[in-house]
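Undergrad: As annotated in TrEMBL:
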type	residues	note
DOMAIN	54-111	domain 'Sushi'
DISULFID	Cys82-Cys109	disulfide bond
DOMAIN	111-147	domain 'EGF-like'
DISULFID	Cys137-Cys146	disulfide bond
Amino acid sequence: QECLNQQRALSVVRQMQKLLVAQEAAHLQGTRGLRHQLSILQSHLQRAATKRNEICPQLAVPLNGRMLGRSLRVGHEVHFICNAGFQLVGSETRTCRHNRTWSSTQPFCRSTDDCSSNPCANSGTCVDGNQSYTCLCPPGWSGPSCQSPIYSCRCLDWVTLSNTSFSRQPRCAEGRSGSRRCSCDTGFQLQPGGVCQDVDECLLYQSSPQTQICLHDCLNLPGSYRCLCPPGYLLHADRNACEDVNECTGKQHNCSQGDLCINTFGGHRCVRPKCPPPRHNTSYVKTSAFQCERNPCPMDSRACQLAASSISFHYLPLQAN
């Protein structure tokens, strides 16, 4: 009887071992399947992120031309054409490469004949270039369009100038061939008489609002200028515009004690708000510098109950022409 019980116990143990092995195999298979699904999902997300980043930088449209094609993705092309009277210099097609850079270099549109308008003055010779023209100036002339005469410096023959602030003697420099050339300081221009005359920037730019150098008044200085502001304003950091001085915050006002300082454009005002006088059983008491509150109303006073419960004072500075 005892041997029979041991055999049954061994049989039960073997069955339990088989069951545990089967459960362990099922668990491992489920774990491998989950790991495989996560790997697929990660790969899909990485490919999607890579596709979003596979674009090249935005290209500039050439001046006097157009760019055809809007896609900036890898493998796509854009094409360039020029307007009538202009010729494309450079590659007319650029391709977005896999390293997110464009092939070739940025093209530009060049006029088919920059010299057709005879831009060179004083018998200068126009030479057509890639992007613009160049003027070859005859002896005695210089500048981009051969517009500036070259004067021979006579550094030993100068007479005393009547106004040394706005008229100065030029500097003389000797060239390679032994010739001399005059030059002026910044803000001065060489005149036909061989004198460096001050450039009046205020007069030069006041005729056009688009090129106005000062938003208020302009004072010409030797070789320069200075913008001026009206009373109550200070010159802005850009040295061009004027900004209002807040006398109230800077304690530059003359208000009496109990007055309130209100900043205005170019000045300030001293005010002392008062509550309205009592009327129709309605009276007010001042609760702050800018506010009055209504006192309690009598029970039978409908006019008081309909009156405003509080009155506040607001100030808005307006700039006149």
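Just so it is clear, glycine is given a Cβ too, placed from its N, Cα and C backbone atoms.
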Undergrad: Return only the integer: C-alpha distance in Å from Cys109 (disulfide bond) to Cys146 (disulfide bond).
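TA: Rounded to a whole number, the Cα-Cα distance is 25 Å.
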Undergrad: Just to be sure I understand the packing, how many Cβ atoms besides its own are within 10 Å of the Cβ of Cys82 (disulfide bond)?
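TA: The answer is 21.
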Undergrad: Run through the Cβ atoms and count how many others sit within 10 Å of the one on Cys137 (disulfide bond).
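TA: Neighbour count, Cβ to Cβ under the 10 Å cut-off: 20.
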Undergrad: As a test of the contact definition, list every same-chain residue at least 6 positions from Cys146 (disulfide bond) whose Cβ is closer than 8 Å to its Cβ.
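TA: Same-chain residues close to Cys146 (disulfide bond) (Cβ under 8 Å, separated by 6 or more) are Cys120, Ala121, Asn122, Ser123, Gly124, Cys135, Cys137, Pro138.
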Undergrad: Can you see whether DSSP assigns Cys146 (disulfide bond) to helix, strand or coil?
TA: coil
Undergrad: DSSP on Cys109 (disulfide bond), three-state: which is it?
TA: strand
Undergrad: Quick one: what's DSSP say for Cys82 (disulfide bond), helix, strand or coil?
TA: strand
Undergrad: Would you mind checking how many other C-beta atoms are within 10 angstroms of the C-beta on Cys109 (disulfide bond)?
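TA: Counting Cβ neighbours of Cys109 (disulfide bond) within 10 Å gives 22.
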Undergrad: Can you check what DSSP calls Cys137 (disulfide bond), collapsed to helix, strand or coil?
TA: coil
